[in-house]
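Student: Quick paste of what TrEMBL says about this protein:
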TRANSMEM  55-75  transmembrane segment
TRANSMEM  133-155  transmembrane segment
TRANSMEM  161-182  transmembrane segment
TRANSMEM  189-208  transmembrane segment
TRANSMEM  214-230  transmembrane segment
TRANSMEM  242-266  transmembrane segment
TRANSMEM  316-335  transmembrane segment
TRANSMEM  355-372  transmembrane segment
TRANSMEM  427-448  transmembrane segment
TRANSMEM  454-473  transmembrane segment
DOMAIN    586-650  domain 'CBS'
DOMAIN    682-742  domain 'CBS'
Amino acid sequence: MDFLEEPIPGVGTYDDFNTIDWVREKSRDRDRHREITNKSKESTWALIHSVSDAFSGWLLMLLIGLLSGSLAGLIDISAHWMTDLKEGICTGGFWFNHEHCCWNSEHVTFEDRDKCPEWNSWSQLIINRDQGAFAYIVNYFMYVLWALLFAFLAVSLVKAFAPYACGSGIPEIKTILSGFIIRGYLGKWTLVIKTITLVLAVSSGLSLGKEGPLVHVACCCGNILCHCFNKYRKNEAKRREVLSAAAAAGVSVAFGAPIGGVLFSLEEVSYYFPLKTLWRSFFAALVAAFTLRSINPFGNSRLVLFYVEFHTPWHLFELVPFIVLGIFGGLWGALFIRTNIAWCRKRKTTQLGKYPVVEVLIVTAITAILAFPNEYTRMSTSELISELFNDCGLLDSSKLCDYENHFNTSKGGELPDRPAGKGVYSAMWQLALTLILKIVITIFTFGMKIPSGLFIPSMAVGAIAGRLLGVGMEQLAYYHHDWGIFNSWCSQGADCITPGLYAMVGAAACLGGVTRMTVSLVVIMFELTGGLEYIVPLMAAAMTSKWVADALGREGIYDAHIRLNGYPFLEAKEEFAHKTLAMDVMKPRRNDPLLTVLTQDSMTVEDVETIISETTYSGFPVVVSRESQRLVGFVLRRDLIISIENARKKQDGVVSTSIIYFTEHSPPMPPYTPPTLKLRNILDLSPFTVTDLTPMEIVVDIFRKLGLRQCLVTHNGRLLGIITKKDVLKHIAQMANQDPDSILFN
């Protein structure tokens, strides 16, 4: 009896913290597709099934776009309201944030548009006074108290319900997309807790952003919705194509940048990105952006928070300060990665990691206490970036726009360069202090046990540095317009320098320095700001920051965190340049015990169960006999265990002495012998093999491009050994003088 004619539940699936076999998954999907196509010619119902199967991918993208867009809108609105809650409450309706509260007010003037009787600070509510030292202390105390409450709630929820909801999620998503399995990382609880705690973490005023975690949220949506479709539920490779598109939708709603999202998924997170996935990512990003635009979370009928409206042309000489900003971005990126990884390693290896709640509360308390006295650190980071990108108009009341006005306003809309007033000088000092605080505190914040993105803090660091440089350049051009570098293009009374543009370029440079993105970064930046004329400055800064940061350390922040966590991620961008051979890497080595193999027709159930219980290998080569060592195929440990258990339950007479056959036909058995067990169906008959003299650079390439789990090594047709993905990663680490034992998973 061959009970394996029926598919067994569980065969062909994978254990947690294991790598999928891309070749096997793709082959299974091709078989499934071929079967549906052949059946579609037989009946109308089968044809309808075939059409619905082809359409299911697009329907899934539509659902992912709708769900991730809706969640992003909810997160944006909630975070805006809870951020303002730290400073006061709207008596006209507690659900209004500061801006909406004063929109509805009839007692507000344009100059004092932030002040209206309906909005009460905590000092007005508690002691009925808004001015004076005591009122300031009450507001200070309430600000710190709310920040601590939000942070405590966030870290407690993560710790209690979904430990995987912490961090940005992008390093793990990169690893999952490369074929690794982390069960629960994209599950229902992670989605619910990440959505709630992301709002709390952003509202607490910590130096973190919601953009990276929104990619994780979108991928959770994609993974959960995959379970509604058989085609994606049962095939890990197909599911990863969906997750690539979901990542694009996540960036699309995080920044309001649908094309940037598709490019981000292609450049930064995806491992396997066929053309079909590109189109589907484009569609998912489009639907997500459309959904977010319909919700209109910022109330300005735009997708983005940082829309800019300066259209002054930039001049060739300005490429010099733009490149300086690129150098600054690269230096900051390299410094941040080194210090943050050192701190995260300390957290993993010392007692510090055992007290995540205390760590979050201490960092939040320090951040809130230092942030309140300075208006630029007190406001949310997104608002700060928005203000730094802003070009000063006539009606701007911000301190950054407090220039002395020596000009005639009848000339038109554009304001000439002007001497800085007292407000600008005081703003410069405050921004310099903000820069120092952001640089230092972000190092300790990223990687704590709460959802924390890195995009917004990095952009803030760059935007502050850019604005400082921009104002410096503007004043230089104003007072020294007769200098040789200025006189050809900057006459007195002209609008030569736009400080907001420098902030924009600085933000791109710092984000590029930390993440090493280039193409997607520039596209995200111009979609984010609408500044199409400034593509060249953005490209120059992004490229310079990547070169500088690469010179100081090859890895971006996400790759560094993947290596810190020991995930088996084979980086496609790096070349393997060493002259080693497959025999130098394979197991077993020269003095090791022989390779554990199964024979095709001479082992009993008991023999196989003994091998399974005594070893921890993920699979076993099957050979003709131990003497010949001629290879037949490869069988996975999990499939063996499930098949034997199933046979004991369902097939009469299978006992420990039953012989297991991996051959096509079993020979006739003498009477009274226990029935045989045929396991040909779970055998992979085409495992990848290389000879012992194959150069390792070819082996590494095979593993990268085909997404293999393991590769068998032969010599003159005889089986010699096996190379797993973990062996390849350990070998690469060893060759780069790194600790090979840091690779924890296979």
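Cβ coordinates come from backbone N, Cα and C, glycine included.
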Student: Counting only pairs at least 6 apart in sequence, do the transmembrane segment (133-155) and the transmembrane segment (242-266) share 3+ Cβ pairs under 8 Å?
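Tutor: Answer no, regions not in contact.
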Student: Using a Cβ distance cut-off of under 8 Å, indicate which of 189-208, 242-266, 316-335, 355-372, 454-473 has the most pairs with the transmembrane segment (161-182).
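Tutor: When the Cβ pairs under 8 Å are tallied, 189-208 comes out ahead.
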Student: Is it true that the transmembrane segment (427-448) and the transmembrane segment (55-75) have 3 or more CB pairs under 8 Å, sequence gap of 6 or more?
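Tutor: In this chain the transmembrane segment (427-448) does not contact the transmembrane segment (55-75) - fewer than 3 Cβ pairs sit under 8 Å.
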Student: What does DSSP give as the helix, strand and coil breakdown of the domain 'CBS' (682-742)?
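Tutor: Tallied per class, the domain 'CBS' (682-742) gives 26 helix, 18 strand, 17 coil.
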Student: Among 55-75, 189-208, 316-335, 355-372, which stretch has the most Cβ pairs under 8 Å to the transmembrane segment (242-266)?
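Tutor: Per the Cβ under 8 Å count, 55-75.
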Student: Test the contact criterion for the transmembrane segment (316-335) and the transmembrane segment (55-75): 3 or more CB pairs under 8 Å, pairs 6 or more apart in sequence, then answer yes or no.
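Tutor: Since fewer than 3 Cβ pairs under 8 Å link them, the transmembrane segment (316-335) and the transmembrane segment (55-75) do not come into contact.
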Student: Can you work out whether the transmembrane segment (214-230) touches the transmembrane segment (355-372), with the criterion being 3+ CB pairs under 8 Å where the paired residues are 6 or more apart along the chain?
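Tutor: No, the transmembrane segment (214-230) and the transmembrane segment (355-372) are not in contact.
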Student: Across the domain 'CBS' (586-650), what are the DSSP residue counts per state (helix, strand, coil)?
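Tutor: Per-class counts: 24 helix, 17 strand, 24 coil.
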Student: Using a Cβ-Cβ cut-off of under 8 Å, list the residues of the same chain that are 6+ residues beyond the ends of the transmembrane segment (355-372) and lie near it.
Tutor: 139-140, 143-144, 147-148, 151-152, 154-156, 159, 204-207, 347, 378, 437, 441, 444-445, 448-450
Student: How about long-range neighbours of the transmembrane segment (454-473): same chain, 6 or more residues beyond its ends, C-beta under 8 Å?
Tutor: 168, 207-212, 254-255, 318, 321, 324-325, 328-329, 332-333, 336, 381-382, 384-385, 388-389, 400, 420, 424, 428, 431-432, 434-435, 438-439, 442, 445-446, 497-511, 513-515, 557
